[in-house]
Amino acid sequence: MEQATTQQVFQPDEHQHIRYNPLKAEWVLVSPHRCKRPWSGQVEKPAEEEVPPHDPNNPLCPGNTRPNGKVNPNYESTYVFTNDFPALLEEAPPVPKSDNPLFQSAPALGTCRVMCFHPRSDITLPLMTLDEVTKVVERWIAESIELGLKYRWVQVFENKGAIMGCSNPHPHCQIWASSFLPNEPRVKDHYQRQYLAKHGRPLLRDYLDQELQKKERLVCENASFVALVPYWAVWPFELLVLPRRHVLRMADLTADEQRLLADIVRQVTTRYDNLFRCNFPYSMGWHGAPTGEAMSEDCQHWVFHGIYLPPLLRSAAVKKFMVGYEMLAQAQRDLTPEQAAQRLRDCSPVHYKLEQ
């Protein structure tokens, strides 16, 4: 007599599966059973915490001389200047056209700016006051509006921490503007447009409505914004910041919403730092409807949103490596997005350096 086989019931926090990202039409492999494996790989040395308020040799500090010989003003809030070594220039020779479909090139014009958040080097976003972070948001918007008059895409982004390629501890971000639509927003533009045509509502509006009902991936929120670990998250503690109302671009935010965006930035970065009690590294940026000529086009398929992509996995010393299978096949993660969200929710909303 044959023995009856026991049919396992699928549990997303225990069994391997793949998840779909409708923004980019990509899949991610989720392998929660691997969380139990021992780790004997590379351990990163946590960054030194001792950073002086002002370093006379730091080219981003007020009053200091940059490598090109220019001297920074003694700024007291935000400060923006054109990158001394930009990847994009405003002028370049015409790019010749090619009839060969395998060897195509196109013009690439633009500009790259650096934006300092604060005059002190020992201050990061979660340790700045709400008024100070609001000024950061206001400057992001001012720069985006100015550059958006000329360029099709304006990318505000921050690389925080040496592990993310940023060796300068002074709080700052970059703003690159380009005459072309880069790959990431180009793909998002396509699939958001496709979703709206099929379903009659913006993709990220529908997505947020359902996440607010499910609640399991929410991390923090306020009256205007919600921060959550997306269902399709690739990085261990990846976050998506979404507005509660339909906003196309950061420049469309009201004054109250700008202050609430600053608040959610402080909430997110505080929980990040508290997770492993360290100066938490990440790459982050903002995506919204294209600018330039697109300002006169129908962009109702777009929803303004923020993306946080942090590399740390198990502790302040262990990072996620995107190599091998991730580079040659598709993204893979061990910790489920729901588990990541729970861990971030459990973090104190008060920064560990400010605890009484």
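A Cβ is built for glycine as well, from the same backbone N, Cα and C atoms used for every other residue.
Unlike curated records, TrEMBL annotations are generated automatically.
Listed in TrEMBL:
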- 10-182: domain 'Galactose-1-phosphate uridyl transferase N-terminal' (DOMAIN)
- 41-67: region 'Disordered' (REGION)
- H172: active site, tele-UMP-histidine intermediate (ACT_SITE)
- 190-355: domain 'Galactose-1-phosphate uridyl transferase C-terminal' (DOMAIN)
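Predicted-model confidence for the domain 'Galactose-1-phosphate uridyl transferase C-terminal' (190-355) is 97, expressed as mean pLDDT.
Cβ neighbours of H172 (active site, tele-UMP-histidine intermediate) (same chain, under 8 Å, six or more residues apart in sequence): L60, V114, M115, C116, F117, E158.
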